[in-house]
Amino acid sequence: MLASEFLPAYAKLEPPVRARVQSVFGKFAEHTFAGLHLEKLQNPRDERVRTIRIDKFWRGVVLAPESGDQYCLINVLPHDEAIAFARTRQFSVNQALGVIEMRDAENLELIAPALRVQAAQAPERLFEAISDKDLLRLGIEPDLLPLVRDITSEAALQVVERLLPQAQADVLTALASGLTVEETWAEVSAGYAAQSGAAGTADAGDLGAALQRSRSFAVAVDGEAELSAILSQPFDAWRVFLHPSQHRLAYAPSYTGPALVTGAAGTGKTVVALHRAVYLARSRPELPVLLTTFTRALSDSLRASLAKLDADPDVLGAIDVQGVDQLAYSVFAEQRASLGEQWAVASAADQAAAWRHALAETQAPFAAEFLSDEWEHVVLAQDLTTAEQYLACTRTGRGGTLGPRQRETAWQAINAAAEHLREANRWTFLQIAAEAARYQAEQCVPRYRHAVIDESQDLHPAHWRLLRACVAPNVDDLFLVGDPHQRIYRNNASLRSLGIEVRGRSRKLTLGYRSTGEILDYATHILTGEHVADLEDDQQQDSLAGYRSLLHGRKPTVRAAAHRAEELDALAARVRQWLDEGIPAESIVVAARTRHLVDEAAQALRVHELDAVVIDKATADGGGVRVCTMHKLKGLEFQCVALIAVEAGVIPPAQLGDDPADLMRERCLLFVAATRARDSLHVSYSGEPSRLLPGQSK
Ligand SMILES: Nc1ncnc2c1ncn2[C@@H]1O[C@H](COP(=O)(O)OP(=O)(O)OP(=O)(O)O)[C@@H](O)[C@H]1O
């Protein structure tokens, strides 16, 4: 068996060491390990832990349960670290959940006195309202009770959490986030039962059986071919290991209707969406599964990840991966063909000409930009087709009221622009989506049996109408994933207002897998105290409670500069430092609020003899540091992220009105940009810092 810790450790090794690891552990996979020498440790916490020589520098750590000939490969580390790791780990069987547990026994003992001192001075303790009986019932081990009792704050819990077994850490985090004992049990036991199928049937002595049940801890590997398939993509542990809370959502046998998975940046929503799509395609092969997202570039990335998850051509063939506009385009093209009509997508110049024409014709006292927004976010969003409907509609979220006269003029101008485009046979993307939705609904023949939808928070109501029309209401019809904290476009509409009811089928992920705790802490402060509307129901508020990471690293750096030239020199120095640390150029991104600043940054990097590739419409190819707008960062991730010109007048832009919703989108944009970083985040500004940055007055 392979433990979930093993893959990240393996990913760090040089190719010759990897080959050696593969050859040693291949023998385990083939059950031909008779000649291999598993060494016992001196004074181990757990007699069942052994080590094995990989070469003179590296050692593997192996768990050898007393029963059966099952071995579990836990980790690969440099010699001394491997010995220390192996000596300090202790294994047991969780009595409430039936899964295997590994704890860092030595470090838990080392921090206990400090926690005790803290607890003696603190006015209250985090879990004082929970009885011992309840903690034990939730699977906290009896000998850990005193330590749990000494935890006084969420910060202390975060330190302890990394040393505790996963299931116990999950229980404590759920309780700390405010769930009751019953809710915690329902949440945690459902996750573990879904992945092990055996919660509550534990035999404390049978580590081997517990190991078999604990799929988020370890997977069984049958033969060298399977081992080599897993090891061929060591950076993609998500293919093999899901957290129980992820597994439960992705592999639920079925949902009685639309289901929603939320969670802040990097909590594995896309991973869950990919697993769900594969699960649906494997278990219900009748009609294809649609896997869709906000843009074509993101759907390309979904397609690439899908191929890593499942190479079976039948499964891949049963999943149609398309950006939502691509889908709209093909449905609309079908409709136009049936009518025998020529058409083309309206370019920005076509649209500008249409608005010029409409304003000249109607003399409407509005800016073209206002009317264009009114068209997209009121008329097309609500599918209004008559002046009466427009006069009577609510314009929630549009800021400012329009009297009946003003509405009449606005309606005339919008119609004139639409008419102008129609005469030229030109269609905007949102018109295409709205028309495709109407056509698809008339067909009454669903295109797909299931749709899995990523980045749900930014889809336009016309996209939702299209998706609804493509998939008939049914069991497992829509599986949505999204994060309201990452809403960066004006398309927001609550699912309830769209007629998509997810009540009772909505769950949130809280464990961040991408960024370090230090980066998450910085990023969440961008949104602290802000009201973020729930995806399901915009009268309710979503929160970042419980959002955390088990990864740790450097604190983000914030660099003030007197002027742009100084800032860009510092940027180049920072990028060079990352490159010198061995980080590949393609894993570094520099982002700015505007396209103009992007060009300036790319130019500055080149002046400093650093290769820079601007990410434009599609994903970038070729060697070099990536440079793009903050909007382009949506859904992506990089090892190192530099955000430049995070300053007054740029984010939020000077011309932004005083609509709080616009300001909130800017905040979310900065949150999205900061949370793209896995290991390192650099933020800089020239002159006055942006008021959206943590630590600035709002
Ligand atoms: N169970 C897992 N094991 C290992 N890595 C994981 C796991 N789940 C997610 N990850 C990794 O965490 C990172 C973030 O995952 P993912 O993109 O699915 O998150 P997300 O919630 O969709 O993020 P965002 O909303 O910011 O786009 C990815 O690098 C992914 O491979």
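Every residue gets a Cβ built from N, Cα and C, even glycine.
Taken from TrEMBL as is:
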BINDING   G263, A264, A265, G266, T267, G268, K269, T270  ATP binding site
DOMAIN    242-516  domain 'UvrD-like helicase ATP-binding'
Around the ATP site recorded as G263, A264, A265, G266, T267, G268, K269, T270, what other same-chain residues have a C-beta within 8 angstroms of the site's C-beta center?
D483, L509, G512, Y513, R514
If I restrict to non-local contacts, at least six residues apart, and a C-beta distance under 8 angstroms, what lies near T270 (ATP binding site) in its own chain?
L302, S305, D454, V481, G635
Measuring CB to CB from G266 (ATP binding site), give everything in the same chain under 8 Å that is also at least six residues away in sequence.
G512, Y513, R514, S515, L520, S549, E637, T675
Could you check what DSSP calls G268 (ATP binding site) once collapsed to helix, strand or coil?
coil
